[in-house]
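These features come from TrEMBL:
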type: BINDING; residues: Asp30, Lys35, Thr86, Thr121, Glu153, Lys264, Arg329; note: NAD(+) binding site
type: BINDING; residues: Phe150, Leu151, Arg152, Glu153, Lys205, Phe250, Leu251, Phe252, Ala253, Gly254, Gly258, Lys322; note: substrate binding site
type: ACT_SITE; residues: Cys261; note: active site, nucleophile
type: DOMAIN; residues: 315-417; note: domain 'UDP-glucose/GDP-mannose dehydrogenase C-terminal'
Amino acid sequence: MKIAVVGTGYVGLVTGTCFAETGNQVTCVDIDERKVQKLINGIIPIYEPGLDVLFNRNTAEGRLKFTTSLAEGIEGAEVIFLALPTPPGEDGSADLKYILKVAGDLGQLLKEYAVIVDKSTVPVGTAEKVHDYISLGAQVEFDVVSNPEFLREGVAIEDFMKPDRVVIGTKSERAKAVMSKLYAPLVRQGNPVIFMDERSAEMTKYAANAFLAVKISFMNEIANLCEKAGANVDDIRKGIGTDSRIGKRFLFAGIGYGGSCFPKDVQALAKTAQEYAYDFQILKSVMDVNAKQKTKLLPIINQHFNGDLKGKTIAVWGLAFKPYTDDIREAPALENIQALLDAGAKVTAYDPEAMDNVKNVFGNKITYAHTSYAALDDADALVIMTEWPMFRTPEFNKMNLLLKNKVIFDGRNLYELDQMNELGYTYYSVGRETISQAVEQAV
Ligand SMILES: NC(=O)C1=CN([C@@H]2O[C@H](COP(=O)(O)OP(=O)(O)OC[C@H]3O[C@@H](n4cnc5c(N)ncnc54)[C@H](O)[C@@H]3O)[C@@H](O)[C@H]2O)C=CC1
Ligand SMILES: O=C(O)[C@H]1O[C@H](OP(=O)(O)OP(=O)(O)OC[C@H]2O[C@@H](n3ccc(=O)[nH]c3=O)[C@H](O)[C@@H]2O)[C@H](O)[C@@H](O)[C@@H]1O
């Protein structure tokens, strides 16, 4: 099948590459000329494990192409994916300007029937808006389908090629047939394609992300309570996660969720609720809890240094919003580093993939270490912000020699409490030890 993907960000690039891998002829379109030129030259602008292999194979075999011309990209395409940004507008609702601009352009350009697919995360009612915008100029028949994307950064290829489910929102039998054919190679893995109407598909995406954010924030609140009550959140996680009604995943307490999606999508769903005059109380709490959780370690760090961070060197391990990505959008590390700098501390940071992106934010205000151990050299303490696997089993002997003080503030609960005790570390983590009264007051 010939398909077009408009927008070659994270989702567009993965969508285009994976559909090329399943035998389709794919043209990806982007207005960013530099990005398109890079892609034509074989340079992938994001870090995503496994993407390079598929990208190289499909570009070499001519199934995956790139252009800045929408007209050229959609020529002969049976399916046109819109994988465009939907950032929060000023009021928190999803800004549809990118989607509606392309919809308007498509109306002028469509020459034959095509299925236009909203792959972006868009609020309820967007498929209807897209339909209206295309209709303004279109001389041919077309359908607009909502097909939200559930991939996670870092495991995007696996998620795309073996999806838990594919959600397709359309009432058109013709569009259903086209989409079924396109997804057939993925469905053969035994995963369901769930058809529904457009509005329900749009809402499904927000409900999924918001529910996962609820799960994380709930566990973060349990963790905070554990600290007061002297319980261990890791044990609670195991104790409840084994109940199949609850499930094991997304129960990890820490310093809150970040990334380009949970924060913006929870906010956008709250805004949608507001538009429909519905008081969605849980969402408001989730946003509140997460905002507080992201900086949870700061008062503890402050208290440890008796309220004086001036001149202290703090090593930071992990800058990306989660492991296996170089994405730093809404990463807890950013807010924490800024607060440490504001308090007069010096920061030496290390992340295996996200350093270049962080350089664009902090420039020379912080020091960038070449290795995780180099970051520890003469540091007064280590703060862990992202659970990269390499941080899980470090050589503590080496760390002991480098760190000025054996102090770790761990926002991702990477180490066992007993182990840290034995090693003689002052070890602060999340939801596993009673924190002192003074810190509680500061929190
Ligand atoms: N990043 C993720 O892991 C996931 C994102 N989503 C959703 O997918 C959508 C896209 O997200 P990302 O790929 O992260 O966005 P992104 O911001 O990384 O990429 C969007 C791309 O669209 C291009 N673009 C903007 N206007 C254009 C136009 N008129 N014509 C052609 N290209 C244009 C931009 O240059 C950019 O390359 C969002 O709605 C997001 O919520 C959904 C699931 C996962
Ligand atoms: O709509 C999207 O863009 C995507 O958003 C998330 O994917 P992603 O943002 O890539 O990352 P996640 O793995 O979901 O992690 C999000 C954040 O939650 C945090 N998290 C996750 C799990 C957990 O147990 N605890 C926890 O704090 C992570 O550290 C991270 O900051 C969803 O998992 C995807 O299904 C969805 O497609």
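Just so it is clear, glycine is given a Cβ too, placed from its N, Cα and C backbone atoms.
Unlike curated entries, TrEMBL annotations are predicted automatically.
Remember, predicted model here, so these are calculated numbers, not experimental data.
In the predicted structure, the domain 'UDP-glucose/GDP-mannose dehydrogenase C-terminal' (315-417) carries a mean pLDDT of 97. Closeness to ligand 1 is met by Thr86, these being the binding-site residues among Thr86, Lys205, Lys264 whose Cβ falls under 6 Å from the molecule. Between the C-alpha atoms of Arg329 (NAD(+) binding site) and Gly258 (substrate binding site), the distance comes to 7 Å. Counting only residues at least six positions away in the same chain, the Cβ atoms of Ile216, Met219, Asn220, Ile222, Ala223, Val233, Arg237, Asn413, Val430, Gly431 sit under 8 Å from the Cβ of Ala253 (substrate binding site). Listed binding-site residues near the residue listed as 'active site, nucleophile': none (candidates Asp30, Lys35, Lys205, Leu251; Cα-Cα distance within 10 Å). Neighbour counts of Cβ atoms within 10 Å were taken for the binding-site residues Lys35, Lys205, Lys264; the minimum is at Lys35.
Proximity to ligand 2 at the level of Cβ atoms, with a cut-off under 6 angstroms, picks out none of the binding-site residues Asp30, Thr86, Lys205, Ala253, Lys264, Arg329. The distance from the Cα of Lys35 (NAD(+) binding site) to the Cα of Phe150 (substrate binding site) comes to 24 Å.
If you measure from the Cα atom of Thr121 (NAD(+) binding site) to that of Lys205 (substrate binding site), you get 7 Å. The separation of Thr86 (NAD(+) binding site) from Lys205 (substrate binding site), Cα to Cα, is 13 Å. In this structure, Lys264 (NAD(+) binding site) is part of a helix by DSSP. Of the binding-site residues Phe150, Glu153, Arg329, Glu153 has the largest number of other Cβ atoms within 10 Å of its own Cβ.
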